[in-house]
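Participant: There's a structure below that I have some questions on.
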Amino acid sequence: MAVANDYIVKDIGLADYGRKEISIAETEMPGLMSTRAEYGASQPLKGAKIAGSLHMTIQTAVLIETLKALGADIRWVSCNIYSTQDHAAAAIAAAGIPVFAVKGETLTEYWDYTSKLFDWHDGGMPNMILDDGGDATMFVHLGLRAENGDTAFLDKPESEEEEVFFALLKKKLAEKPKGWFAGLADSIKGVSEETTTGVHRLYNLAKEGKLLFPAINVNDSVTKSKFDNLYGCKESLVDGIRRGTDVMMAGKVAMVAGFGDVGKGSAASLRNAGCRVLVSEIDPICALQAAMEGYEVVTMEDAAPRADIFVTATGNKDIITIEHMRAMKDRAIVCNIGHFDNEIQVAGLKNLKWQNIKPQVDEIEFADGHRIILLSEGRLVNLGNATGHPSFVMSASFTNQTLAQIELWTNPGKYERQVYTLPKALDEKVAALHLEKIGVKLSKLRPDQAAYIGVSQTGPFKPEHYRY
């Protein structure tokens, strides 16, 4: 591991390898490259100090360097202990951008690295957060809560992750002067949030009146949720399962828990690989969608003894329980493509016999002798066992992130302590930036046609409530 004053990466010698892959990714990320060309001269992010917590991949490296090209100062960590691509982290460190990310870092290291986002190299503090999952945001919120005297929760962790996180907060409270977290909260002008789980956290904070700064929900931009969540998972899920297990997918029975955008992409991914796909759902609308797509909609109890492959994609907890896993076939494959690891009751497996097969692949034996194969310890399988979504689809997501950062930074008085989404015009702009790359020719409305349907010739073409 290479440790320097302002970076921690696996091996700084991987920087050249990372730089070559970044160069290739740039060709596949027209939205970000167009954003550099459009905004580079005006430097809209000059003065912004962005604390970034998002999977440290090759695609994220292109995002980081786009933010830098627009004037931002940046510190970065990965938002998952297994999702870092070490050559990407090395390339960013070699470019002089502080990054703290190692594939396979411990939970203690993860939270220590996250805390480094807020200890700025010039002795100051960040003034913006770019988040994925909400951990950086929660560091500020829970730190301030404890600093203000409400510390009882620190002694009541509900998971191993919370135990480590709360221990870090106690350490920071002891190290930092009184008022440090209050100053940090005041310094932050806004956060842009990448994923469903983090967005849920933001809406809960806003509902309780506890959100400390304005937030933009990037996840619910159409060019994020209907592309990254759907088409990204459609390609990356099976990639992760295959790299982890080398299993023949065709003919297998696969179970997908959840039929939101991620579940839809996951089910399609498995079907395209030749699997017979089962789906579980709590929402009657999503259940009906799954059934009309030709999937068999069942409960997890029905699927447990039937399926060969299990994928959770719900954003909820305890979707696959110990009892479900006890009922599974020998060497059934169990994995998750939701943000957190609590969709599968991994903690309840800790007292069983574990055999590590290779990095992020474990075989767990139950008392009766039957085994399951668990991928990435229940964390994101597509990033833990593979390299995540392709560059092109991530360009759309990350262009939204860049525009959200520009919007929050350049219009500080426009937003209250609430959760916002980007306007439809920007959503359409992000989509338009990606058309030429794949040879799309867009039709144009004539003035009379635009008037007939009541829209501008240049858009937006749909009302805010339109469901794509």
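Heads up, the Cβ atoms here are built off N, Cα and C, so glycines get one too.
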Participant: Out of D112, D119, D132, D135, which is the one Swiss-Prot records at the substrate site of T57, E194, K224, D228?
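Facilitator: Among D112, D119, D132, D135, only D132 appears alongside T57, E194, K224, D228 as substrate-binding in Swiss-Prot.
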Participant: By a simple count, how many Cβ atoms lie within 10 Å of the Cβ of I337 (NAD(+) binding site), its own Cβ left out?
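Facilitator: Other Cβ atoms found within 10 Å: 31.
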Participant: Near T197 (NAD(+) binding site), which binding-site residues out of T57, D132, K224, D228 have their CA within 10 Å?
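Facilitator: Candidates kept after distance check: D132.
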Participant: Could you tell me which of these binding-site residues, G258, G260, has the fewest other Cβ atoms within 10 Å of its Cβ?
Facilitator: G260
Participant: How many whole Å apart are the CA atoms of V262 (NAD(+) binding site) and D228 (substrate binding site)?
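Facilitator: Here the two Cα atoms lie 9 Å apart.
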Participant: Do you know which of the binding-site residues T57, T197 has the most other C-beta atoms within 10 angstroms of its C-beta?
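Facilitator: By the 10 Å Cβ neighbour count, T57 comes out on top.
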